[in-house]
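Below is one structure, written out as structure tokens; comments come after it.
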Amino acid sequence: MSPSEDCHKTLYSLCFPWLCLSLSIQLFLFPSYKSTDMDVHRYWKVLTLYLPPQKWYTDTRSPWTLDYPPGFACLEWLLAHMVALVDKHLFQLDQSVTRLDIWIMRSTVVLCDLCLAHAVYLHLNIFRKYQPEISDTRLSFVFAVFVLQPSLFFVDHIHFQYNGFLIACLFYSSYFFRLGKYLSFLCSVAILVLLKQTFLYIVPVSIFACTCQRYVARYQTKGMITFCRLFIQSSIVFAFFVLLGISPWIVYKGQWRILCGRLFPFHRGLLHAYWAPHFWALYGCLDLFSRKCIQLVFPHSQMAAKMRNITSSATRGWIGIRKPFVVLPNPSPWMCHVLVVVGMLFCFYRLWKKRHLLLHPIDSMWLWVRAWSGVWLSSFLFGWHVHEKAILMPQFCMLWYCLIKEEDEKHQGLLRWWWWLTSMISTMASSCMVPLIFGCLERIVVLGWILWMMMYLLVVEMTWRIQSRWRRRYLILHQLVLLLLLGLPGIVHRWLPRFPFLPQMLLSGYGGIICGWVYVEMVFGGWDE
């Protein structure tokens with residue numbers, strides 16, 4: 001038996017128990033409540049199973065129209081054919097779903113989330129190959145952190161979505177990048193865009209990083225003209241794969257405009273019903289605070305009288321509000337996109353400055369994950385109509401850097417700093433998913449999340465011996481504030497029924513502060529260590 005085979009089997013034995021535990025928790029969550037998202041995905045499966053592709057984006061018989069790219073529609077088509085082999089009743093929309101239908105639908109999420117475990121396993125295999133000094137305990141702990149993330153359990157296995165599969169595809173893409181497989185990497189990025197349109201945010205930095213890698217490998221002695229030529233080549237290859245994926249809908253008459261309207265529904269407004277913990281949530285809180293201050297300080301002014309006659313729909317959890325703010329300026333979709341682009345520019349500069357590290361499978365992972373995390377946080381903070389689940393992308397990307405970095409004296413400070421940032425963003429991600437769930441069983445899951453969070457912090461504290469008192473105290477304070485905000489709905493709904501959206505607004509506003517601070521720290525600090 002070769003050493004590589006022995007390591008491979010050892011890594012498998014380290015990961016398999018955690019995978020079994022994760023699957024057990026997922027099966028335990030099968031009896032959870034049936035959300036509206038489950039009805040949406042049920043209809044999409046029926047739509048893709050019984051209608052030809054040219055009618056997927058023109059059907060308007062249901063309010064749950066298909067608003068994901070063709071790649072995700074093909075995934076629904078594949079899952080629909082698999083489900084149809086065992087359950088025909090699920091596709092009868094005139095009948096209510098049974099418990100068996102719900103369990104079969106949830107099993108499709110479990111099946112797709114297995115891809116996440118496999119993608120993490122592939123990355124750990126590379127670490128085992130190029131850094132054999134990494135302990136088995138460390139590798140096992142890393143795998144457990146990925147497959148036992150509470151935020152993913154909340155949004156996928158209770159609320160019902162397929163975010164684990166999308167994160168897995170993101171990790172498959174980074175796997176090809178680490179190995180220097182340029183064509184496979186560009187193809188995987190194109191597949192990501194075909195699965196969900198929000199992956200368009202990472203396209204520029206992905207093509208730029210791929211170009212930097214090719215430039216350093218073969219053409220570093222040549223000038224910038226060669227770099228621009230390589231960038232154009234990579235862009236053409238990426239565009240070819242994307243056009244190949246959407247070509248059937250381009251050929252159909254009038255489909256292109258309908259497809260763009262479905263994928264980019266700017267009419268839905270800036271804020272989602274559940275405010276995500278981003279910059280615009282904090283902006284909305286400041287707008288409401290400014291409005292109240294004007295009414296108190298200048299009660300007899302014309303502006304105050306006008307504000308008293310205005311009922312802000314944004315603070316009621318409504319969507320489709322193009323101008324949700326009363327005092328502060330309302331941004332347009334293009335303004336949001338400009339802010340996102342400006343927020344990710346620094347990542348391009350750092351990639352170019354440290355491009356020589358992109359050739360090594362380990363160093364390229366740190367640099368690549370750092371750039372991706374910055375881009376994802378920028379799109380999350382400043383994007384238009386961002387959902388709370390979008391925080392999963394930067395959270396899962398940041399987990400790699402925090403948990404794998406070497407523990408020598410050179411990297412101790414950087415490791416602790418990354419653990420600090422990742423702990424803040426992870427607890428915030430799990431907290432902002434809690435308002436999506438309700439019911440007795442779901443409360444047990446929330447309690448499990450709190451216990452898991454405490455165990456996670458305890459293990460990291462014992463492993464890395466974090467000695468900074470102010471960081472430890474601030475993290476404890478952060479946890480207490482989150483627990484207070486999560487328990488606030490019960491108090492407000494009982495004693496302040498006139499303000500049902502107040503707990504969500506406070507949680508999102510506080511989350512906007514935390515996520516914004518993490519973004520500033522991550523983008524502008526620690527690159528040179």
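For all residues, glycine too, the Cβ spot is worked out from N, Cα and C.
Curation plays no part in TrEMBL annotations; they are all automatic predictions.
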263-284, 417-438 - the range that TrEMBL marks as transmembrane segment: 417-438
Within-chain partners of the transmembrane segment (332-352) [C-beta distance under 8 Å, separation at least 6 from its ends]: 201, 204-205, 208-209, 212, 266, 270, 358, 367, 370-371, 374-375, 377-379, 381-384, 519, 523-524, 527
Other parts of the chain folded back onto the transmembrane segment (182-209), taken as Cβ under 8 Å at six or more residues beyond its ends: 68-72, 75, 166, 169-170, 172-173, 176, 231, 234-235, 237-238, 241-242, 245-246, 263-264, 340, 344, 347-348, 351-352, 358, 368, 371-372, 375-376, 378-379, 383, 390
Remote residues contacting the transmembrane segment (103-127) - C-beta distance under 8 A, at least 6 residues beyond either end: 8, 11-12, 15, 19, 22-23, 26-27, 29-30, 38, 41-42, 75, 79, 82-83, 86-87, 90, 97, 134, 139, 142-143, 146-147, 152, 156-157, 160-162, 164-165, 167-169, 171-172, 174-175, 178-179, 361-362, 365, 400, 404
